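Features reported for this protein in TrEMBL:
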DOMAIN    21-464  domain 'Major facilitator superfamily (MFS) profile'
TRANSMEM  12-34  transmembrane segment
TRANSMEM  69-90  transmembrane segment
TRANSMEM  102-122  transmembrane segment
TRANSMEM  128-150  transmembrane segment
TRANSMEM  162-180  transmembrane segment
TRANSMEM  192-213  transmembrane segment
TRANSMEM  278-299  transmembrane segment
TRANSMEM  314-336  transmembrane segment
TRANSMEM  343-365  transmembrane segment
TRANSMEM  371-390  transmembrane segment
TRANSMEM  411-433  transmembrane segment
TRANSMEM  439-460  transmembrane segment
Amino acid sequence: MEQRDTIKREGRLTPVLALATLIAAFGSSFQYGYNVAVINSPAKLMKAFYNETYYDRINEYISEFSLTLLWSVSVSMFPFGGFLGSLMVGPLVNKLGRKGTLLFNNIFSIVPAILMGCSEVARSFEMIIVSRLLVGICAGLSSNVVPMYLGELAPKNLRGALGVVPQLFITVGILVAQILGLRSLLANEEGWPILLGVTGVPAALQLLLLPFFPESPRYLLIQKKDEAAAKNALRRLRGWDDVDAETEEMREEDKAEKAAGFISVLQLLRKRSLRWQLITIVVLMGGQQLSGVNAIYYYADQIYLSAGVRAQDVQYVTVGTGAVNVLMTVCAVFVVELLGRRVLLLLGFSICCTACCVLTAALALQDTVSWMPYVSIACIISYVIGHALGPSPIPALLITEIFLQSSRPSAYMVGGSVHWLSNFTVGLIFPFIQVGLGAYSFIIFAVICLLTTIYTFLVVPETKSKTFIEISQIFSKMNKVSEVHPEKEELKDFPPSTARL
């Protein structure tokens, strides 16, 4: 009976936990996805606005090169802001807490939403560029803080599912931006400033609702040393009164941490006991962005056109791709606790690698074989499916799982920086690669997917349903393995607190 009771008590999705997850993800992650995609559909209108504004000021139009440069800056200010946001994660989550940081972060969404909404009236394209930087900071903070907050709120048997929810809302954000960006809705002369300003709505909602939900119990207990508040938060989240066992587990983690102290980014880079965790995050975050997911979206329209989709219908096909993305991420939420993280990463990167290889062949043979364009479309859809299953949702979830409380904020700063710098690099360099290599540019992405798959297969352990301490012990073994003979392997089953000293 006792046993059955503990199985039942294994953490369920209580209303408080579900609502906290939805509000945090809708208020923050949704905006990230929305702002990634929102600038694609009104691009022509906005360039025209840049040109007219410039003409109004000095009575001549911008040169083609300067206009392209201004536009590139407008687009790439977003990942650059994301990089800056990632650097702010550590100090903010330790000072303001996880929930506090999410609330503070809404400034970086509401202010630029107002600026972008008023940019046309004010005849200022500078307002748009500054706003893109600010919403970038917002996305950089939220893409790191939301998975951290949810990973610390969730019981271990739901951690994977809730950890994928932010990615689900990012894809929902992309889809909503694609739908609102249809020419019949907001991607028109009058509507585009509103389209850009919509990003303030989820932020305002989060600002109103999130204060009623608990702060991360781990943060309250370990950093704030406030046991009463931590237990209170746990009771509300779990829906039962007896939270001593879970508090005890947090305490154990705290003891393991005492040995290490708070770990800054520099210490994280130097620390032997965290070496494989760090390499894993850099590889997975880099692989996620450099695997060509943005390039596939840039290229998609041209591929649809060459497959015979009419120019005015391409926008609907794009929305269809966005819907597939959302659907597959919903699948990932349910599958991540069944199959585990490792399987999804291997499956996802393998599908992406295969899709890139076949797409390269299909694009090269497009003009000679009549049915090849349809193969290209199939490749794009299967790539989107593969990426949504593993490479998109899993890396951020893994950071929460493979680092303990003291090193987690620094790990998010490193992971976030790699994520945004890779995103920035692809955005800036891909147009040139595309000109130079054309269809063959996808070979580069196929190689990156393949290398990431091999690394995952050889190094990344399964973290499903394990406590943070158990995961830490798996890595303790890996980090020492180079110096210990295999037959002495069992020597490394020390508790992490001694392994860390």
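Using the three backbone atoms N, Cα and C, a Cβ is placed for every residue, glycine included.
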Contacting positions for the transmembrane segment (314-336) when only residues 6+ beyond its ends and CB under 8 Å are counted: 37, 41, 160-161, 163-165, 167-168, 171-172, 174-175, 178-179, 181-183, 300-301, 304-305, 344, 380-381, 384-385, 387-390, 392-394, 397, 464
Averaged pLDDT, computed only over the residues in the domain 'Major facilitator superfamily (MFS) profile' (21-464): 87
For the transmembrane segment (69-90): best-contacting stretch of 192-213, 411-433, 439-460, by Cβ pairs under 8 Å: 411-433
Among the ranges 102-122, 162-180, 278-299, 439-460, the one whose Cβ pairs under 8 Å to the transmembrane segment (371-390) are most numerous: 278-299
Non-local residues, at least 6 beyond the ends, that sit with Cβ under 8 Å of the transmembrane segment (102-122): 24, 27-28, 31, 49, 85, 92, 96, 128, 130-132, 134-135, 137-138, 141-142, 145-146, 149, 192-194, 196-204, 206-207, 210-211
For the transmembrane segment (162-180): best-contacting stretch of 12-34, 128-150, 278-299, 411-433, by Cβ pairs under 8 Å: 12-34
Stretch among 12-34, 278-299, 411-433 sharing the most Cβ pairs under 8 Å with the transmembrane segment (439-460): 278-299
Same-chain residues at least 6 beyond the ends of the transmembrane segment (192-213) whose Cβ lies under 8 Å from its Cβ atoms: 16, 19-20, 23-24, 26-28, 30-31, 34-35, 38-39, 41-42, 45-46, 49, 99, 102-103, 106, 109-110, 112-114, 116-121, 128, 131, 135, 138, 177, 180-181, 186
